[in-house]
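Following: one structure in structure tokens, then a few remarks.
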Amino acid sequence: MSLRIDAVILAGGMARRMGGNDKGLVELLDKPMIEHSIDRIKPQVKEIMINANRNQSRYADLGYPVFSDEDSGYLGPLAGMITAMGQTQADYLLVVPCDCPLLPLDLVERMLTKIQSEGAELAVASDGKREQPVVLLLKPSLRDSMKAFLDGGERKIDFWYAKHHCVVTEFSDQPNAFINVNTPEQKQQLAEAIAK
């Protein structure tokens, strides 16, 4: 029996460091940043969903289901994950941000292998130096635990990981895979690096 893996792209933040511009819709090399993330993960999953709390019609134009956080108030990435976990029938949910245009093409394969080999509930990606807290593969059945954590006033996702059997999947062979864009300057640097 093959496993079903769906994905959610988190585009629900306020993007304060990008001058309030919706990061997923900021153009990078002539297309919205979120399209780069879609291109990288589409071959790896069955369904893609987009979590966005504004500009929903523009995201819907990309042809994927779009939903906002169940809890209003921009409570961070956990709120988007909780909503996505309630919308999928998949065995696993891949979570990625909208501003990582170089995600590994073997992201799901390596994270799933690590989960299965260690009997874990979730895997978080690492570039070899730092964990990437919003690049993870997890079982949607963890939704109640995550919701209780958020409802208890917690926001730090790594504190939630610590409550579960979480494994780190290292991608040190792809050191640029998790470069993200938080400022206009970073966007320019990344565009120049990709163009080389």
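Including glycine, each Cβ sits where the backbone N, Cα and C put it.
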Candidate sharing the GTP site with Leu10, Ala11, Gly12, Asn51, Asp69, Asp99 (per Swiss-Prot), from Lys23, Lys42: Lys23
- prompt: Which residues in the same chain, at least 6 apart in sequence, have a Cβ under 8 Å from the Cβ of Ala11 (GTP binding site)?
  reply: Asp22, Lys23, Gly24, Ile34, Ile50, Asn51, Ala52, Tyr59, Pro97, Cys98
- prompt: Fewest neighbouring Cβ atoms within 10 Å: which of the binding-site residues Asp69, Asp99?
  reply: Asp69
Query: Largest pairwise Cα distance, Å, within the listed GTP binders Leu10, Ala11, Gly12, Lys23, Asn51, Asp69, Asp99?
result: 18
Query: What count of other C-beta atoms do you get within 10 angstroms of the C-beta of Leu10 (GTP binding site), across all chains shown?
result: 27
